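A.B. asks: From Swiss-Prot, here are the annotated features:
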BINDING   Arg77, Arg78, Asn144, Gly146, Ser147, Thr150  L-tyrosine binding site
BINDING   Asn144, Gly146, Ser147  L-tryptophan binding site
DOMAIN    7-263  domain 'Chorismate mutase'
Amino acid sequence: MDSAVDMADSERALNLTHIRFQLIRLEDTITFHLIERVQFPYNKTIYTPGAISIPDSKLSFFDWYFFQQEKLQSLIRRFESPDEYPYFPEAVQKPILKPLNYPKILHNNTVCVNDKIKKFYIEKFLPKVCPDFGREDRGEAQENYGSTSTCDIACLQALSRRIHFGKFVAESKFQSDPEYYTKLIQAEDREAIGESITNAAVEKQVLDRLRLKVETYGKDPSLLEGVEQPIKINVDAVVSMYKDFVIPLTKEVEVEYLMQRLIPEE
């Protein structure tokens, strides 16, 4: 919810140096949230509708909690920020705080990939990184369902912010060469647009930096150097998530945003 990019200054918000700084900070945020999450087992029960009885709701425990959390957060303006996208838009309420007057930064668009993020995170990623304690789920009386869900929400919102930041990159690229991108958009050449915003060297730097961070943050710094210790999270799984999911999905967001860039705004 915090932002190193000043959304009150449209020029600064679209400065690639400042965007890059924010993306690097989000690597830290995501890494720490994931390390917190893997203290707990997968706890599949919380994602299964009907597995936990909730009065007047057919949602899973996790979705119910997430809905309520975003409802509360909307009251304090979280989703007024141009870089925040709710997983449950129907939960968003009118803020109790006076509105912040953000300038126009992004072109109007409908690009939101939160459903893809949540599905991948719950169904693909968590089973790879959550610890196996060698026992069955012991149920709501003994498992940390609330703490697990709280960690999940933090992870998912940070991932959403990281991935949707691609819109700011795309808008910055468009403004740097509108004639070039207009031709590609009019030709509906998604492949060429994707190639124009891809930098393999930068992607490698991101993955190398992320690996170092996960390895570093996943250890106890108080132990003597050279002392063997287990790392708190599966480093390869986190790096793979970025390589095979976060980076490609960010690129998809960038391309689809640009495909809507020429649509007249009302």
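Quick reminder: no glycine exception, Cβ is built from N, Cα and C everywhere.
Note that the structure is predicted; figures quoted are calculated from it, not measured.
Would you situate these features in the structure and describe their surroundings?
C.D. replies: When secondary structure is read from DSSP and collapsed to three states, Ser147 (L-tyrosine binding site) falls in the helix class. For Ser147 (L-tyrosine binding site), the same-chain residues lying six or more positions away in sequence with a CB closer than 8 A to its CB are Phe40.
In sequence order, Phe40, Asn43 make up the list of same-chain residues 6 or more apart from Asn144 (L-tyrosine binding site) whose Cβ falls under 8 Å from its Cβ.
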A.B. asks: So which other residues, same chain and not among Asn144, Gly146, Ser147, have a Cβ within 8 Å of the centroid of the Cβ atoms at the L-tryptophan site?
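C.D. replies: The answer, listed by sequence position, is Phe40, Glu143, Tyr145, Thr148, Ser149, Thr150.
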A.B. asks: With H, G and I counted as helix, E and B as strand and the rest as coil, say where DSSP puts Arg77 (L-tyrosine binding site).
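C.D. replies: In three-state terms, Arg77 (L-tyrosine binding site) counts as coil.
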A.B. asks: Mind computing the max CA-CA distance among Arg77, Arg78, Asn144, Gly146, Ser147, Thr150, which the record assigns to L-tyrosine binding, rounded to whole Å?
C.D. replies: 29
